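Visitor: Take this structure first; my questions come after.
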Amino acid sequence: STMRERKTTDPLHSADPLYSSTDVSEGKEKLRLKQEVGLISSVSLIAGTMIGSGIFMSPEWVLHHMGNPASSLLIWAACGLLAMFGALSYAELGTIIKESGGEYIYILRIFGSFPAFLFAYTSVILVRPAGLAAVCLSFAEYAIAPFYPGCSSPQVVVKCTAAACILILTIINCLNVRLATSVMNIFTAAKLLALLVIVVGGLVLLANGQTQSFQNGFQGTTAGIGTVGVAFYQGLWSYDGWNNLNYVTEELKKPEVTLPRALMIAIPLVTCLYLLVNVSYLAAMTPSELLSSGAVAVTWGDKVLGSWAWLISLSVALSTFGSSNGTFFSGGRVCYIAAREGHMPDILSMAHVRCLTPSPALLFTSAMSLIMIISGNFTSIVNFFSFMAWLFYGMTISGLLYLKIKKPELPRSYKVPIIIPIIVLMAAVYLVLAPIIDQPQIEILYIVLFIFSGIIFYFPLVHFKYHPRFLQRVTLHLQLLLEVAPTTRDAN
């Protein structure tokens with residue numbers, strides 16, 4: 001059948017608390033994805049996805065909304081702390097439910113099929129492709145900027161470059177998991193080096209007495225509830241990716257050890273770098289110069305590096321390419337896991353018989369991202385993306401609180417103090433409600449309507465299992481064309 005007829009009952013309430021729905025039929029051995037992601041690759045996946053275009057683009061917007069340097073630095077620190085708290089909460093979930101899929105699989109196992117389907121539908125169709133398209137468009141802007149000095153790049157060239165970026169990522173990720181993680185490791189090292197150059201440059205400027213931006217640092221602070229929420233959105237966009245490792249839990253070596261350890265290395269590292277990079281920007285530029293800069297990192301390079309400023313444009317292009325690879329790597333897994341659980345067409349749950357990669361899911365994610373690139377720009381994507389992301393983050397964290405209170409007996413190798421998920425849940429509620437209360441926008445209504453439009457597909461296709469016959473033939477032909485076969489989860 002095209003939509004897998006599998007029970008999506010909550011295994012947390014069944015005899016086997018974790019893996020009662022594992023699909024191993026009649027002793028037949030099925031394909032499964034390899035456990036090839038070690039600690040270094042895990043740290044690279046988190047840090048490499050987090051450090052994208054945000055730190056090179058968002059500082060001016062955080063400063064714009066907060067009104068002064070000191071309060072903007074506080075926002076950056078608070079965003080890092082919130083990302084760390086969220087990641088530690090997810091680490092406990094990952095050691096209770098050792099399955100790939102991130103929020104999707106946690107919502108499915110705790111709250112059931114319907115809310116999990118709405119998450120998968122929203123994430124696979126809209127959120128992940130839109131986020132990937134935005135990062136690839138950022139990559140394209142920086143990659144082709146040197147070819148159009150003194151003027152803006154033609155939009156058709158930008159979009160074609162972004163599309164080429166997505167196609168290259170598709171090939172890399174479909175060929176081999178190890179190749180994809182090697183690309184992540186290399187590009188993460190390159191972007192960390194670029195950020196260290198900015199940090200060292202800033203420290204030299206501070207040592208030479210360029211501290212005027214930090215005098216009267218809190219003067220003119222903006223204190224509106226919605227304004228602070230939007231500033232958080234801009235900062236958290238730069239931290240997005242802190243939860244990426246939970247999407248590939250089944251592919252981790254020793255996930256109960258690797259997951260929390262990688263989080264505790266990667267997120268504090270990124271937070272410290274972000275704070276030092278922001279200090280460096282403010283040492284090189286006055287707040288007004290920073291606000292008027294179209295690309296903060298490039299302006300910093302012009303002021304500090306002189307004739308070597310082109311290195312910054314190259315670094316941002318490398319950084320955004322590496323980040324888009326991490327987003328693509330994990331985003332394809334959401335589609336793959338949702339299909340495996342019967343919430344997406346069955347073809348998307350299959351893996352290539354030789355490469356052992358979820359190639360149909362990756363191709364589908366690629367296609368949706370290409371549509372996003374063709375259809376428009378990404379000026380408002382940060383606020384839109386953050387609203388939807390924190391809506392589901394809040395739901396996932398409330399699921400963890402439910403497990404901690406109602407099912408403390410479930411085995412887990414790592415426990416987070418209960419106050420941490422409570423703080424994250426409160427932050428999620430604030431980030432979802434604050435912009436709505438302070439500055440209600442019609443776009444938020446459209447987002448909510450899109451989420452609930454999933455009901456139209458859920459009841460006939462999933463709940464009542466209506467599967468048109470012609471789709472079964474399409475699935476068979478695609479399976480032969482793509483050389484893919486069904487997989488089963490790794491119940492480690």
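Placement of Cβ uses the backbone N, Cα and C atoms for every residue, glycine included.
Values in this document were obtained by computation on a predicted structure and should not be read as measured data.
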Visitor: With TrEMBL as the source, identify the stretch among 103-124, 213-234 annotated transmembrane segment.
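Guide: From TrEMBL, the annotated transmembrane segment range turns out to be 103-124.
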Visitor: Can you identify, from 132-150, 360-378, the stretch that TrEMBL calls transmembrane segment?
Guide: 360-378
Visitor: Taking 3+ C-beta pairs under 8 angstroms (sequence gap of 6 or more) as contact, is the transmembrane segment (37-58) in contact with the transmembrane segment (186-207)?
Guide: yes
Visitor: For the transmembrane segment (262-284) and the transmembrane segment (443-464), decide whether they are in contact, meaning at least 3 CB pairs lie under 8 A, counting pairs 6 or more apart in sequence.
Guide: no
Visitor: Restricting to CB pairs under 8 Å, which listed stretch, 186-207, 384-403, 443-464, is in contact most with the transmembrane segment (415-437)?
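Guide: Looking only at 186-207, 384-403, 443-464, the most contacts with the transmembrane segment (415-437) come from 384-403.
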Visitor: Sequence gap of 6 or more, Cβ distance under 8 Å, 3 or more pairs: do the transmembrane segment (103-124) and the transmembrane segment (304-323) meet that?
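Guide: Judged by the Cβ rule, the two regions do not touch, with the required three close pairs absent.
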Visitor: Tell me whether the transmembrane segment (384-403) sits in contact with the transmembrane segment (70-91), defined here as at least 3 Cβ pairs under 8 Å among residues 6 or more apart in sequence.
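Guide: Judged by the Cβ rule, the two regions touch, with the required three close pairs present.
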